[in-house]
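Student: This is the structure I have questions about; it appears just below.
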Amino acid sequence: MKLLTTGLLASAALVAAQEQQVLRADEVFGKAPLPDASIFDETIKQFQSSIEDGISHFWSEMKTNFKDYLPMISLPKKHNRRPDSEWDHVVRGADVESVWVQGADGEKRREIDGKLKNYDLRVKSVDPSQLGIDPGVKQYSGYLDDNDADKHLFYWFFESRNDPKNDPVVLWLNGGPGCSSLTGLFLELGPATIDKNLKVVHNPYSWNSNASVIFLDQPVNVGFSYSGSSVSDTVAAGKDVYALLTLFFKQFPEYATQDFHISGESYAGHYIPVFAAEILSHKNTNINLKSALIGNGLTDPLTQYPHYRPMACGDGGYPAVLDQGTCRSMDNSLERCLSLIETCYSSESAWVCVPAAMYCNSAILAPYQQTGMNPYDVRSKCEDMGSLCYPQLNAITEWLNQKSVMKALGVEVESYESCNSGINRDFLFHGDWMKPFHRLVPSVLEKIPVLIYAGDADFICNWLGNQAWTEALEWPGHKKFTEAKLQDLKIVDNKNKGKKIGQVKSSGNFTFMRIFGAGHMVPLNQPEASLEFFNRWLRGEWH
């Protein structure tokens, strides 16, 4: 769904602990027992001798104040795996990997590239009448299994409402990291939402209006996914996504011939460059990747972090949330923040990337969160921090936890939660947050178009920062893209033709959009506008 603020809380907590030396870690991270970190003492001691004073001091404070939380891992979910006989289809990765064909040069090669032998895909045909979601629309759910690593990723597929034999296929990924893509399904762009009475409500602006959509709960231990192990960085998750798509299209070759697009929001700004690059790295594949879409993403922190102060202090098109004194304090902290991020970019080591995330989030992002305003929409207060400021999530979570729903989908875990804060901490404490995944975008742009869109009322991944990193990105089309002017984006597809919904600039394979009146989740706040640009993008406009 969104960039979780758990990282901000952890960062702010560390700063408070440095000042007061009284803050208890269990009050910040919860009371679940975790392994003792004494094994890290010697490692940290040795490392401190080779790093700069600021970073060394940070790790000393971490070891003192959060000793029990350094070896952070997300806890496994209770689950009960169903036998293969209860599934409608089971696709063996080993079978796919064993198929060889003769190429045009007469040489034998594998039909499909990639390390697939450890993966299986289990498929259940979902009866729409049981759930009341899009009756008449074909649906599948199931799990991608990495049997060696004991990882099981849940997915839910909805065929296009329009022309499934010809319409493209889209993968949707929520962010967090650690938020279920089913939040995107029911809160934003899927075929239905859930009201406060737990009734299914049809969504006329669903993205499966003209495309088939796969919603994937990843990484493991998110949503209905589960594992006895954990994934704590973006790159590891990329291999799983490639395997899922490969086996899905192998089972359903009728979709493999159609255009495929990968999309997502928030921390998917990390995921999508990696996942797209992984897919494009394979020469022989059944994934017909045509474009990538990132909404309100975190992709290039070094370029994006300077734009938090302007967005919070009245320079982003909305009234200031913070007072002038707090804004000056953020300005004063920025130089050190950027220096830490630059060091992270140079080494990409957790030892330096974690301090960058902790310091920058506490100094640059946390002041906004402490106001009680919604970090995902500067126009409103946070109604319920427990539901990430969106109380609608409570009904969605309750509906998905019904035994009848779980049975209809073939779910193997005991419960569902919209976001797993443990996953968020895993990624944060492994240094993933600040890594420069934007460096993969130029190679992606060489092969496919990329759309960066941003609701202009979001703070946490705001439009100022997203426009800035797209214009700063070094790639062959940089000069022309930077010189391109923002043009009005208007509706052309329905009765509201001519209505202004945002601004767009495009050159070559790169496009940036600012969507008016939308927060972090554009399809939630502006469903008509989101379906408008989505359909036009899939048709090839702007690229």
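Every residue, even glycine, has its Cβ placed from backbone N, Cα and C.
Not measured: the values here are computed from a predicted model.
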Student: Look at the disulfide annotations in Swiss-Prot and name the partner of CYS337 from this list: CYS313, CYS327, CYS353, CYS360.
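Tutor: Candidates were CYS313, CYS327, CYS353, CYS360; Swiss-Prot matches CYS337 with CYS360.
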Student: Name the residue from CYS179, CYS313 that Swiss-Prot records as disulfide-bonded to CYS419.
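Tutor: Matching partner in the record: CYS179.
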Student: Pick out which of CYS353, CYS389 Swiss-Prot lists as the disulfide partner of CYS382.
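Tutor: Recorded partner, per Swiss-Prot: CYS389.
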Student: Could you state the whole-number distance in Å separating the C-alpha atoms of ASN509 (N-linked glycosylation site) and SER266 (active site)?
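Tutor: Cα to Cα, ASN509 (N-linked glycosylation site) and SER266 (active site) are separated by 21 Å.
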Student: Around the C-beta of HIS520 (active site), how many further C-beta atoms are within 10 angstroms, looking at every protein chain?
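Tutor: Its Cβ shell of radius 10 Å holds 29 other Cβ atoms.
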Student: Based on Cα distances to HIS520 (active site), point out the closest of the disulfide-bonded residues CYS179, CYS353, CYS360.
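Tutor: Closest recorded candidate to HIS520 (active site) by Cα: CYS179.
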Student: Name the one residue among CYS313, CYS337, CYS382 whose Cα is closest in three-dimensional space to that of CYS344 (disulfide bond); these are the disulfide-bonded residues.
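Tutor: Its closest listed neighbour, by Cα, is CYS337.
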Student: Can you tell me the three-state DSSP label for CYS419 (disulfide bond)?
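Tutor: CYS419 (disulfide bond) sits in a strand per DSSP.
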